[in-house]
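Student: From TrEMBL, here are the annotated features:
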type     : residues      : note
ACT_SITE : Thr32         : active site
ACT_SITE : Glu40         : active site
ACT_SITE : His66         : active site
BINDING  : Gly59, Arg110 : substrate binding site
BINDING  : Gly59         : CoA binding site
DOMAIN   : 13-115        : domain 'Fluoroacetyl-CoA-specific thioesterase-like'
Amino acid sequence: MIKGQTNSITIEVKKQHLANVVGSGELEVLATPAMIAFMEKAASQLVSDQLEEGQTSVGTLMNVEHTSASPLGMKVTVTATVTGVDGRKIDFEVIARDEKGEIGKGVHTRFIVDSQRFMSKVSAKLEK
């Protein structure tokens, strides 16, 4: 990963992305959890292209402001930009825009992990 690398994705706001459907609110607008999922997807895709076999990345931090509502049917574009790399840790700036302007921004951190080792640790939580 190189500082400054970017990835953008565009998603149309659908019913399953709405606050009143997700349960994060009562209005028919893009839910904050859905916007965050879009941000994680943009960052995850950027990392996944550069992983070795058997590796994946996991999100460990998300600090976001959701500053403007987006209606059903509007297209949202999210851009993730690498702001720092420290070993397995990758930091991102994430920005979401709809067709009328910026709707959210923040910072996100992902760690590169060995998929099998990670899932073994998760499965071990069920053993006691």
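Glycine residues also receive a Cβ, built from the backbone N, Cα and C atoms like all the rest.
Just so you know, TrEMBL annotations are computer predictions that nobody has curated.
Could you give the neighbours, burial and distances for every feature on this list?
Tutor: Cβ environment of Thr32 (active site): Ala19, Ser24, Val64, His66, Gly104 lie under 8 Å away, each six or more residues apart in the same chain. DSSP assigns Thr32 (active site) to a helix in the three-state reduction.
For the recorded site, Glu40 (active site), the DSSP three-state label reads helix. Every protein chain shown contributes to the tally, and the Cβ of Glu40 (active site) ends up with 20 other Cβ atoms within 10 Å.
For Gly59 (substrate binding site), the same-chain residues lying six or more positions away in sequence with a CB closer than 8 A to its CB are Glu40, Ala43, Ser44, His108, Thr109, Arg110.
DSSP gives Gly59 (substrate binding site) a strand state.
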